[in-house]
Structure formats: structure tokens, C-alpha cells
Amino acid sequence: MVLTDSEMEFIRKELGRDPNPLEYGMLDVMFSEHCSYKSSRPVLGLFPTEGEDVIIGPGDDAGVVEITDELALVIGIESHNHPSAIEPYGGAGTGIGGILRDIISMGAMPVALLDSLRFGYLEDQKSRYLFEHVVRGISDYGNRVGVPTVAGEVEFDENFQLNPLVNVMCAGLVPKNDIKRGIAPRPGDVFLLMGGRTGRDGIHGVTFASEELTSSSELEDRPAVQVGDPFTKKMVMEASFEIMDEIEVSGVKDLGGGGLTCCISELVAKCDNGARVSLEAIPLREEGMTPYEIMLSESQERMIFVMAPDDVEAAMEICRKYELPAAVIGEVTDTGRMIVESEGEVIADLPAKLLADPPVVEREARKPQLPEGQVEVKHPPLKDTLLKLISSPNIASKRWVYRQYDHEVQIRTVVKPGDDAAVLRVDGTTGVALTVDCNSIHTKLDPYGGGAASVGEAIRNVVSMGAWPVCIVDCLNFGNPEKPEVFWQFRECVRGMADMAETFSTPVISGNVSFYNETEGVTVNPSPVVGVAGKLSLDSIKTLDFKDEGEEIVVIGETGPELGASEYLRTVHGIVDGKPPETDLKAEFEAAKAVKEIIDGSGNKVTAVHDCSAGGIAVAVAEMAIKSGIGARIDPMKIPGRFRNIHEALFSESNGRYIMTVRGSARDILGGLDVPWAVIGTTGGRTLEFGDVALDISELDDAYHGVIEAYMST
């Protein structure tokens, strides 16, 4: 139970009485951090949420933007961190199920999944166990429901050892005239519950997600983890689309965190309406369930449709066709109250808005001590450094992960996992580039800069594909907001993200906040996972691999002496410290704008584009060479910027940088740009040369591939 003394005082004042046990349970889940966003709501208001392409912004199950004249892109992101720490296979699978239902409830067909995963170092046996079973849970669920997992990211750090992070993004497509909403606007309409039966799994799941984990959580909190069923989910998807095609439903919403209590109260509260719910009508999986268990159950694969009574039989016939339990469980009223009945007796009577719109909490924020300067280290030989970096699990190939996913199903995937972003076909000429990114180390050491840089990196990844960002979604993973230092991190991170989004005039249309990611006093690195969707023409797609020999290699953007918080320091020196790279909002925007203009205006003369992030320029060029099998000769001293030595030139993670290759003269193509750029080398041969240091492509390939496979075979 999480209701505080002040919350109970507020509730008593609103009701004029004490809540009964069922009402207390309903209020408890709705006042949880997971459902109410009571700590984060005042801060989330910093995000820009409006734009000319925005159809539905934050506040519904997912955000919606126009992507063509006829179609809308529906996109959302969710976390399933606590359940995945307790039961990794089931927790990850039900995370997939939840975000799929969010997209379906907007009327959209899910077309892509992306995942952002964080675990402890793979030397740790428990971390390997969690990693293996989370990936298997994602792949089994996604593959069985027929939705491709097309991109993602994985990070390993000791601060995720006890508390992994499992974030999942989903995108869907829907004709603009067929978009649905999570509302119940018409009194007299009824609630049709369909899908999986209601059982005892997941009770108090949202309360569990709003508390720190402990050493006993794995045993004590296992009942709070929901049980997924991908086969039923597939049937629910098919039946849902048939119902929405054939019946004029006035509202649709999935049952996720908070179960029936959350779903129905939110449906009616948005329209200042009320609800009357009859418990005996609800299809149950288990005998003897109490009203408390029924109203708080988070059993999976359930949907609520709001419709006129005359349409019920047609909907029931569709459910029978798919052999799915379904029942009318109540009706929309004009009272503004949520009333629960059992055997004709009223057992709960609460204002719907009290449930759906709890008061916010003003948290104390206090700045912790942060690094102000750079870390001085002795630099090892360049060749050894690069080989160690690209064989780090944080940089090495993630094919062990994505080869378990079906990324081809639905045949929309144009650019597959392993590039800067995935590209999906929307129609014959239009594509959408999708990515998720985060830099938890930068955010830990500079929350404002790390938040801004995470948005910047995600935007760079879609721009590198030839797209321009149309919307942002976010999943904000932090520790206990009751701790002033944690809440300061959160506030500053959101401020940085909002400033970068505002600079690009790109709206944040949906998101999720996951607090209390702490176990036994260890707080996860603050992790602002950013999803970006970009629109592009299918005939202008760029990929990161070198295409031919004799092409000029260009760097756009400046490199500074910024090894602080870098993957170089973490991997080579075992140091997580130092001031992260500066974030120049204007420079980030101008570089992205320049790259997009070059791609669009140069015909096919730009042959490859890659964003520069973890590991710096050396790693980015190595990845381009490894993927193509073509070598390159680089002169580090030609890199534009201010650096003191070759290691700073090659491994600094300065923001706002791109690497591209061009056919012909770079000066002819880039000469008019008003951003820093320089030709730093040419492609060719079977070695990668940085000055007088040369590495065979085969040696780089061996170091880059098979790293995670080797860990997971132990």
C-alpha cells in the first residue's frame, strides 16, 4: 500500500468519509506513481507537445501524428522494469503485450517493435540470466503475434546489475479517419470486456512498480507479475480490428496497470462522465475471486470497447468467432461517479476524477556533487585501444539479440537491425525511420546535458538515414523521486530533453516515467530513453556501410577535448567520471539540417552516413568499414575541432557530429555549408589506417562480432 497520510487526508475530505477496503485498494493503485504520475506531471509540462502534424498528443494510450495524407503513425513506449527483474521472461513478454495493446486501442495495426535494454556486466552470472531470458521473452512474444522487432539498443553497466531496465517502443499505422480514443463520451453506452479472463495475476502490479526492489522481492512480489499469452493476444488483435471495422465504437482502451479500476475510471473521467460496473458479469479465470481482486487484477490480453447497446450482439458474434470470452460489464453514466456493484449491492462509490486525476506531489530537488573537469589518464597504444573498444559488449555487434527477432514479418522492413535506425515502408514512396537511444552515463554525470544529448543522438540516427524527425516519445527511468538528488536529476534531464526538442520544433507526443529503480541502496544510472520517428522518401535512404573504394570521408561537426564520461574511459580505463561533452543546441540543429539538405540535394553523391556517438570517430569509422568490408585511410589531424592528442580526436564523444562518404569532390557538394566540416580520409583497401596505425578489416571484424555470443555460451 502506498497511500500517504496526506493523501488519506485529501481522500477523506473529498469523500466526507473513510473509504471502505475495496475503495481503498482502488484509490491505492490510482494514486501510485505508476498510474498517477504525481511526482512527474509538473515537470513533464516542460515538453513541447504541439505541432502541425500532431493529431493526438500526451494523455492517451499512445501519440498520433500524420505521416501521409491518408495515414497516421501511432507510437508509444513503456517500461516493464520491475517485473523483468523478478521474472525476466514473463516480465519482458507482458511488456511487449502491453505496448501492443496501447497501439491497438488507438485503432492502429502494430508494424514495428523496438527495445531498449540495460543490464549488469556480462561477467556476472545473474546479469547473463536476466539478459538471456528478457531477450527470449521479447522474441517469443513478438514473433508469435507477428509484429517485427526492427531496432533497439543494449547497455551493460554495474548499476543495472540488480535492477535491469526493459523499455519497449511500438509503432503502428492507421487511416486518419479510423483513429480511436480512450474515452467514454456517451451516457447510455455500455462497456464490453473481451479477451483473456480475469485472474489473480498482477494484483498490485502498479504498486509494486512504484516501490524500490529489495532482496526479498523475487519471492514476495512474483504474484504482482502478470502472465502473458501471445496466442490469445493474436486473437484479441484480430477480433479488435474486426470490431472496430464493423461497429462504430465510441471508445477503446486496453487493461494494463491498475486493471479495470484504471481503465474504466480514465475512460469516463476524460468526458466528465461516470460508470456503473457489475462484477458478476466479468469472465473469471479462477473461482472465489473477491471484488478487490477482480477490480485490481492486471491479467493480460483484455480490452474494453465502449459502444451503443444495439451494437453488442454484433460485437459478441465477432468474439465468439475468435473463441474469446466477452461480456457487457457495465454502462456509462452522467453522474461523474464510478460505482461498483456485486449482486445488486453497491460496494464502491467514488468520484471518477478522484481516481483518474489525483493531486500532484511537490518534490524537493537538490543538486548533487557533479564532476567539473576532465579525467587525466595515460593513453595506451591506439591499436590496442580501438580493438578493446569495439570488442566491448556496449559497442560490439548485437546480432546475438536481433537474430532472435523476426524483423521481416509484415514485409515492411526496408533497413534491418544493425544500422543507425530501422526504416519501414509506409506506402509506395514514403518511409518512416525509427530508433531508440539513451546515454545513461552522460545523464548521470550531467543530467541536463545527458537528457539533451540523448534526444540529439536519437535525432542524428534518423537524420543519418535521410529522414527528418516528426515526433519524439520518451521512457524516463530514474531512482526514488522522494530523494532530492534523484528528483533534481529527473527535473534537469527533462529540461535538457525539452530544450533539444524545442530547438528541432519536434513534439513529444507520448511517454512513460518509471521511478523507484533502486535495489538495496543501488540506484540505476538515470536513463532517459528517447524514441524518434522520422519521415523520409524511400528513394533517399542512406545506410552506414561504405559503398565503394576511392570515396572521400567527411566529418560534419566539431570534436572537442571531451573524453569525460566516454565509453573509452569506461571500457579502457574502468572509469565512469569526468565532465560529459557540452551540448550546443544550435550546433546540433545546424549540423542535422546541413546533413539533411546534403542528402536531399546531392542526388546519389552521398553514399553513406553514420552518426558519431559512443566510442567517437574511431569507432564510427570502424563500424562503417566492418559492415562493408572496405578499408579506409584517416588523417586524425584533419578532424575539425579543438583536441590535444590523437586519443581525444578519435575517442571524444562530442555531440552534433556525422560521418559521411561522398562520390566525387566533397567540396563541390559541401562547399556552401555554414557548419564545420572537413575531409578526413578516403575509402579503400582492406585495412583501416589512422595515421601510421593500421588494422586489418578481418581483425576488426573478429573483435566486433561474437563478443556477446562468447559471454552467453559460458
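Cβ atoms are placed via backbone N, Cα and C, with glycine included.
Here Swiss-Prot has Y37, D474 binding ATP, and the candidate from G63, G76, G511 in that same listed site is G511. Neighbour count (other Cβ atoms within 10 Å of the Cβ, all protein chains): 25 for D254 (Mg(2+) 2 binding site). The ATP site is set by Y37, D474, G511; from the centre of their CB atoms, other residues of the chain with a CB within 8 Å are S40, L44, P58, C475, L476, V508, S510, N512, V513. By the criterion of other Cβ atoms within 10 Å of the residue's own Cβ, the least surrounded of the binding-site residues D102, E298, D474 is D102.
Under the DSSP three-state reduction, R101 (substrate binding site) is assigned to helix. Of all residue pairs in Y37, D474, G511, the annotated binders of ATP, the farthest apart have Cα atoms separated by 14 Å. D474 (ATP binding site) falls within a strand segment according to DSSP. Secondary structure from DSSP puts E78 (Mg(2+) 1 binding site) in a beta strand. A distance of 9 Å separates the Cα atom of Q300 (substrate binding site) from that of D254 (Mg(2+) 2 binding site).
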